[in-house]
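K.L.:
Grabbed the feature section from TrEMBL, which reads as follows:
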type	residues	note
DOMAIN	60-305	domain 'Orn/DAP/Arg decarboxylase 2 N-terminal'
MOD_RES	85	N6-(pyridoxal phosphate)lysine
BINDING	265, 299, 300, 301, 302, 399	pyridoxal 5'-phosphate binding site
BINDING	302, 338, 342, 371, 399	substrate binding site
DOMAIN	307-397	domain 'Orn/DAP/Arg decarboxylase 2 C-terminal'
Ligand SMILES: Cc1ncc(COP(=O)(O)O)c(C=O)c1O
Ligand SMILES: N[C@@H](CCCC[NH3+])C(=O)O
């Protein structure tokens, strides 16, 4: 695995205080315990139970503003389209939309969520390698800003659907630049063996074909090379350089290219990995695509939402095994799957002041699900924790709730938005009844 910060790390872990110092929306209050903005996490847990996701409105606003600011500073006039897959909560989308973010969506559900949150159709881009006919129809009916096509086959599908509807689809061609983003193999998307986009060498012919089709207005090109990119902006520069060459080639063929979608993928330090800044990303865009006279957009998800969220969970019990101590939480891999899926490292910090300051000893921090992979951390320094003690799993605002499942028939956890000294339930905990709803036992089974 190329990505840094695996579940078990050879170097000493950052201390709780070091983790908090880099996350200004979180702090330890000597009386109230771990706070998100001005709200004690213990109050959220008391009000809504655990496990519960908490998102900081301030962090979301600050991070979006930092990205927008870096792009502005580089005089790129680039739009930020939030990748809804990272966090499709309606309140989160509303807040980001209010601050000018558009949306990058990959399904009917995400398109509907973005619209329901008030994001204008004119600021929505539809990406994805397998849009269904129904999804293409919906995108056209909503008259969204742009559809990113990922194959010759899809281009024909879009044209056919648009023609049947009497529409012309604005389509950007997503190219696969065959660049290694040096991230986890499961989330790298810009290598030729990945399913995404069309080979850059095939792009000119396909773009020319697009401009000959009645249902398509070719609007530009798009690229997205992977997620959690922390190894500098070199891969971005290479990919954008290829894209700039492609734009020049297309224009030399007399084809119009108005827009370049630079994708997302900017990584964050979950542990202490050095991650590129928005300014570095803006610099890479500027150096390669800055002088082409194209409209630019970026599609970050994780960078905006990841650090803004935590998963607050209670200790069920500590189990002292022969060789190991296990801290068993009431959250599990069905809530936050990243450690199980990518061996991802997440900070885990006690909420009570006494636990925060207590001596550390290594433990495996696990969920109650019947798989050994249901492990949030191995050999992590954590104090002895009594049942019902709270801990916060950090950087869970992106690909956290969004990737939850009901595995082991565990209801989806509640979500809360914190803004200053206010907090509100923004998604109810799924009920046990809802878990069973919609299921039917055929009568003939009992006949
Ligand atoms: C097309 C596209 N755009 C944007 C993103 C957002 O990625 P990230 O959350 O890493 O910024 C993704 C996911 O990797 C994606 O597939
Ligand atoms: N779900 C992944 C990222 C994939 C991004 C999808 N475009 C994660 O949690 O890191």
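All residue numbers here begin at 1 and follow the chain in the order shown.
Heads up, the Cβ atoms here are built off N, Cα and C, so glycines get one too.
TrEMBL entries are annotated by machine, without manual review.
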K.L.:
Quick check for the class: what is the C-alpha distance, in angstrom and rounded, between residue 299 (pyridoxal 5'-phosphate binding site) and residue 342 (substrate binding site)?
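P.N.:
Roughly 22 Å, rounded to the nearest whole number.
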K.L.:
Could you list, ordered by sequence, which of these binding-site residues: 338, 342, 371, 399, have a Cβ under 6 Å from ligand 1?
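P.N.:
With ligand 1 as the reference and 6 Å as the Cβ limit, the list is empty: none.
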K.L.:
Give the distance between the Cα atoms of residue 301 (pyridoxal 5'-phosphate binding site) and residue 371 (substrate binding site), rounded to the nearest whole Å.
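P.N.:
That comes out at 29 Å between the alpha carbons.
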K.L.:
For residue 399 (pyridoxal 5'-phosphate binding site), what residues in its own chain, 6 or more apart in sequence, show a Cβ-Cβ distance under 8 Å?
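P.N.:
Residue 399 (pyridoxal 5'-phosphate binding site) has long-range Cβ partners 85, 86, 301, 302, 306, 338.
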K.L.:
Which of these binding-site residues (265, 299, 300, 301, 338, 399) have a C-beta closer than 6 Å to some atom of ligand 2?
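P.N.:
Once distances to ligand 2 are taken from each Cβ, 338, 399 fall under 6 Å.
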K.L.:
What Cα-Cα separation, expressed in whole Å, is found between residue 265 (pyridoxal 5'-phosphate binding site) and residue 371 (substrate binding site)?
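P.N.:
Between the Cα atoms of residue 265 (pyridoxal 5'-phosphate binding site) and residue 371 (substrate binding site), the distance comes to 30 Å.
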K.L.:
Are there any residues in the same chain, six or more apart in sequence, whose C-beta is under 8 angstroms from the C-beta of residue 371 (substrate binding site), and if so which?
P.N.:
333, 340
K.L.:
Using DSSP, what's the helix, strand and coil tally for the domain 'Orn/DAP/Arg decarboxylase 2 C-terminal' (307-397)?
P.N.:
10 helix, 39 strand, 42 coil
